[in-house]
Amino acid sequence: MEFKLNIPNTIIKTLQTIVFFLFVLLAFQIAEAEIHHHTFKIKSKAYTRLCNTNKILTVNGEFPGPTLKAYRGDKLIVNVINNANYNITLHWHGARQIRNPWSDGPEYVTQCPIRPGESYVYRIDLKVEEGTIWWHAHSQWARATVHGAFIVYPKRGSSYPFPKPHREIPLILGEWWKKENIMHIPGKANKTGGEPAISDSYTINGQPGYLYPCSKPETFKITVVRGRRYLLRIINAVMDEELFFAIANHTLTVVAKDGFYLKHFKSDYLMITPGQSMDVLLHANQRPNHYFVAARAYSSAFGAGFDKTTTTAILQYKGDTLNRIKPILPYLPPYNRTEASTRFTNQFRSQRPVNVPVKINTRLLYAISVNLMNCSDDRPCTGPFGKRFSSSINNISFVNPSVDILRAYYRHIGGVFQEDFPRNPPTKFNYTGENLPFPTRFGTKVVVLDYNSSVELILQGTTVWASNIHPIHLHGYNFYVVGSGFGNFDRRKDPLRYNLVDPPEETTVGVPRNGWTAVRFVANNPGVWLLHCHIERHATWGMNTVFIVKDGPTKSSRMVKPPPDLPSC
C-alpha cells in the first residue's frame, strides 16, 4: 500500500523561502567574520617606576602589552617574533583553542619555547568565546610584564545582556619589582629553596599609583561623566596574590567572569585571583569629585610573605573643581578576611540555567599542596626548618620534560611522560590537617581521558605550609563550578548541595586553602591541556598536571595537524 503525503503548494513555497533565508543568513554570518593579523615583537625595554629604571620584557615595547579586540566568530593570527634574550611562549587565557592545542602556549606542554631570534605564528579561532579574557607569556616568569587584555565582543548584530555602557575601560592589575630582574627571580629562589622575591608594588595599567614614591604624576586616571555607566574590564595579572578591589563611594555591579555572563549582583568590593577576569558596571552617580580606585592583597596564608602595599588609580569626574584635595580611599577588607572573600564568590551564578553534565563517568579527586623537601646537599635551604619549598597535586610535583608533551603524544615519542598520574590521592589523610604524612615525588605524569567523557573533578585544598587560595586554571576548557566548601570533601554529603541549575562557568577557580571546589566539564576538546595553579611560585614549585584528551571518531572531533613553524626542541 503506497502512502502519499499531500502538502499544499503554499506551504511548500513558504518552507522553501524559510530555508533560503536561513541559508543566506548563515552565509552572511560566515562572510562577516574577520581575520585579524597582529605582529608581537618580544623585546627588552627600560621602564622607570618607584624612582628606579629597570629593563623588562615587553611586547612591541608596551607595558602592559597591546589590547587585542575581536568579535565572537573572528579569527586572529599573531606572529610572535622573539627579539629578546630569553625563551618565550604566549598563552591566550580563556580561549579554548578548539582542536588546536598547538597554539595554546605553555612551554614544554604544548610546544617548546620560541628561542631568541626565532618566531612562531599563533592561531586563535574565537568560536565560542565572548567577554573579557587576556593573553600572557607562559614561560618562566615572563608573564609579569608580557601580558595584555583580550576583548571579545558579542557576535556582530548582537548586544550585551546589560545596558550598553557609555565607555569601556580595561584595568590590568599587575606587579612591579624595583631592582630585581624578573626573569632571574625563580632561579634565585630555586638555588636557596626559599620563597621568591616579593614585589615592591602592585600596579593598575602599569602604574603603581598615588601612594608610592615617584609615582603620583603618572597615576592612571579614569575620567567619567556624572550619570553615565561604564564597563570596567578587570584582569588580575599579578603573579602571586589574590586582590581585593574597590572604588571609593561607588557600588559595583558584577556582570561577567572569565568571559561568561553572570546574574548581576552588586558589591562594594571585588575579590579577584591571579588569572581571573571580571566585567563590572560602574554607575557614575556621585557628586563631582575624584575618588581612589584601589587594590591590595588578600592573603589567607599564615606566616607567608606578601606585598602589603596598595595600588591606586583615580576616578575623576568631569567638572570636578576639588582636584587639589587628596582623593577619597575606598574601604577594602583586611588582607586575611576569608569571610569577605567567600561572601563575594558565593554570589556567582550563571545568567541562565546551563547544561551541566549530570551522568558522570570519570571522577577525579586532586589534593593540591605546598610541600617541604629535604635539600640535596649539606647546606641548609632557606625554607622552613632548613628545607626547600615544593608543591604538588596528588603528591606529584610536576617536572617539565625536555620535549613538549603534545609533540611526544602526537608523534609517539617514548620516555617523555607517563600515563599513571593518580586519579585520587595515593594515600587518604586529613587534607585540612596540619601536616602531610608522606613525602612528595617528582614526575611528568598525565591523565588520559576518552573523548566526550563527563568529568567531575574535586579540587581539595590543604592547610599545610602556609598555603592560601589556589586559583586553578584549566587550559582548553571552561567548567561549571557546581560546589565549594570548607573542610575535607565528603562524597556522600557534599554533592547533595551541588548547584546543577545555574552554576558559574569559569576557566580559573579559587580553591580554599582548607576546603574544596567541585567542577564538571565534558572532555570534548581533543589535545594536551595543562591544569595548574596561577600563583606563579606554586606553579614553579610543581603545582601542575596535564590532561590528554583522545581524538573523537570524526574529523571535526580530532586535533588539527601541527603547523610547519612549530618551534624545535
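Residue positions begin at 1 at the first shown residue.
In case you wondered, yes, glycine gets a Cβ from its N, Cα and C as well.
Taken straight from Swiss-Prot:
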BINDING   H93, H136, H534  Cu cation 2 binding site
BINDING   H138, H475, H532  Cu cation 3 binding site
BINDING   H470, C533, H538, M543  Cu cation 4 binding site
DOMAIN    41-157  domain 'Plastocyanin-like 1'
DOMAIN    167-320  domain 'Plastocyanin-like 2'
DOMAIN    420-553  domain 'Plastocyanin-like 3'
CARBOHYD  N87  N-linked glycosylation site
CARBOHYD  N190  N-linked glycosylation site
CARBOHYD  N249  N-linked glycosylation site
CARBOHYD  N336  N-linked glycosylation site
CARBOHYD  N374  N-linked glycosylation site
CARBOHYD  N395  N-linked glycosylation site
CARBOHYD  N430  N-linked glycosylation site
CARBOHYD  N452  N-linked glycosylation site
SIGNAL    1-33  signal peptide
Listed in sequence order, residues with CB under 8 A of H470 (Cu cation 4 binding site) and six or more positions away: I368, L459, G461, G510, V511, R513, C533, I535, H538, M543
Within 10 angstroms of H93 (Cu cation 2 binding site), Cα basis - recorded positions out of N87, N249, N374, N395, H475: H475
Additional residues surrounding Cu cation 2, by Cβ distance to the H93, H136, H534 centre under 8 Å: H91, W134, H138, R143, H147, A237, P274, G275, H473, T508
N395 (N-linked glycosylation site) versus recorded positions N87, H136, H138, N452 - nearest by Cα: H138
Nearest-integer angstrom distance between the alpha carbons (Cα) of H534 (Cu cation 2 binding site) and N249 (N-linked glycosylation site): 31
Cβ neighbours of H475 (Cu cation 3 binding site) where a neighbour is any other Cβ within 10 Å: 28
For H475 (Cu cation 3 binding site), the one of H136, N374, N430 that lies nearest, given that the recorded positions are compared by Cα: H136
Alpha-carbon spacing, H532 (Cu cation 3 binding site) to H136 (Cu cation 2 binding site), which is rounded to whole Å: 15
Within the domain 'Plastocyanin-like 1' (41-157), residues counted as helix, strand or coil by DSSP: 6 helix, 59 strand, 52 coil
Among N87, N374 [glycosylation sites], residue with fewest other Cβ within 10 Å: N374
Integer Cα-Cα distance in angstrom, N190 (N-linked glycosylation site) to N87 (N-linked glycosylation site): 19
Cβ atoms near H538 (Cu cation 4 binding site) (within 10 Å, other residues, all chains): 26
Whole-number mean of pLDDT values that fall within the domain 'Plastocyanin-like 2' (167-320): 95
